[in-house]
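J.: My questions will all concern the structure given below.
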Amino acid sequence: MGGKLSNEGRVEIYKNGWWNKICIVNFGWKYRAARVVCLSLGLSYPSYIPYYRVFYGTSLTIHFVRDVRCTGTENSLEECSSTGASSRCPYYSYTAGMVCGNPPVFHQNITEMAGVITSPGYPSFMTQGDYRWTFTQNMSRGRVALYFEELDLSQYGGSSNVSIQESSSSSFSKEYTNVYRSKPGMVINLSGQLRFYSPYTSNRDYGDGRGMRVRFLVYSEPEGGVHTHMNWKLLLSSNHYTRITANWTQVVFTGYDIIGFVMSCNSTQDWAKEVSYAVGEGNSTSLTCSELIVYTHYNVHVLVQLRMQGKDIYKIYQSLVASLTTPQSYPKRSPRGVYSTDITQSTAVIGWQEISRKDARGELLGYKVKVFNRDSWRYEQEVNTSDTSVILKDLSRATDYEVKIRGYTSVGSGPYIIAYFSTLEIAT
């Protein structure tokens, strides 16, 4: 009951003259019981036993049984033992469900130069399945740009995932398994494969994901590089720490139709190793790179894929390069490697490792050190420093202290790290 496919759903047992839902109390619809159900229905062994109320359906059953126990050799659940009937499940339990066998595998070859791929069931839910799209365009130095306009793989206790794989020996691979508020983009070599996997059909009533929507563009990168269209200029803006938007006036290419665009955001700064991409359709005049690094300088250009009118002849151009630095923020991490040394009755030296430029997410102005007396339960002092150590003075003798250390930029302070030390009772 409640599943979208015939091999998944909630389990009910006919007992005492009516259908009963099965209450699961101790985090686990037992595998041996699930095995009995699957085999009694002529299906494969159970492949997934979801937690919580994954499968609902429209059953009006108001009878329940608890704690069904099987050895795994029974022919049906009726032969298994269980506790007596009840009118409801305990508040801390849930009803049993399962998936029998592995999801069906579907293969599809993508021959188009541009388009959109969505996971089955999108945007309402994720259908159980294993879908694999292979880009089979035959072209030298072929590339495929992928841009996730939405990527929502969340499942309660589930393990849905999306993976991208190149076919070459030194292949690129990437896997996603969760909800992504940003929109990941990448460029891989042909032939590549996009795979979507979901062990069961998602339940939107309990916040399960919608799936994925991916825009793609296939092109051939000339051996001598892409020609620049000198009249094609970009206007860049950034209203978020990790995004850059490029706007442009549509350029006319006489005798050609525009297939699509690929935006590239690349940084030469040593903490920014990956290039971010975005893909747009043929009438686009704006694209946004996401998943960028805060307060980092990026060089941006946009590539256009053209097709000669009436012929399958393709050409690409790129815009002039424009540059922009993403906005500053506060530090992402607290200082690491805190230590205390040179402790006396009234002084102590506290030191730490410098926050990296990437984690600082801006121009690091210094560190704030807050000193808390654990004996009197009050803060005694706060010290600001641009160094990675500080000498604390005027401390109380034989006292336990707590220090909180955090970095700060002009935007604000980051998270703190806590360290402890005690002053001496007797001078040494």
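Numbers here mean position along the shown chain, with the first residue as 1.
Glycine is treated like the rest: Cβ placed from N, Cα and C.
Automatic, uncurated: that is what TrEMBL annotation is.
Model, not experiment: these values are computed from the prediction.
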J.: Which of C70, C89 is the other half of the disulfide bond that TrEMBL records for C80?
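T.: So the cysteine paired with C80 in TrEMBL is C70.
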J.: Residue counts in helix (H, G, I), strand (E, B) and coil for the domain 'Fibronectin type-III' (334-426), per DSSP?
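T.: Helix/strand/coil tally for the domain 'Fibronectin type-III' (334-426): 4 helix, 43 strand, 46 coil.
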J.: List, in sequence order, the same-chain residues at least six positions removed whose CB sits under 8 Å from that of C80 (disulfide bond)?
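T.: Same-chain residues close to C80 (disulfide bond) (Cβ under 8 Å, separated by 6 or more) are A33, V36, V68, R69, C70, T71, E74.
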J.: Just counting, how many other CB atoms are there within 10 A of the CB of C70 (disulfide bond)?
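T.: By my count, 20.
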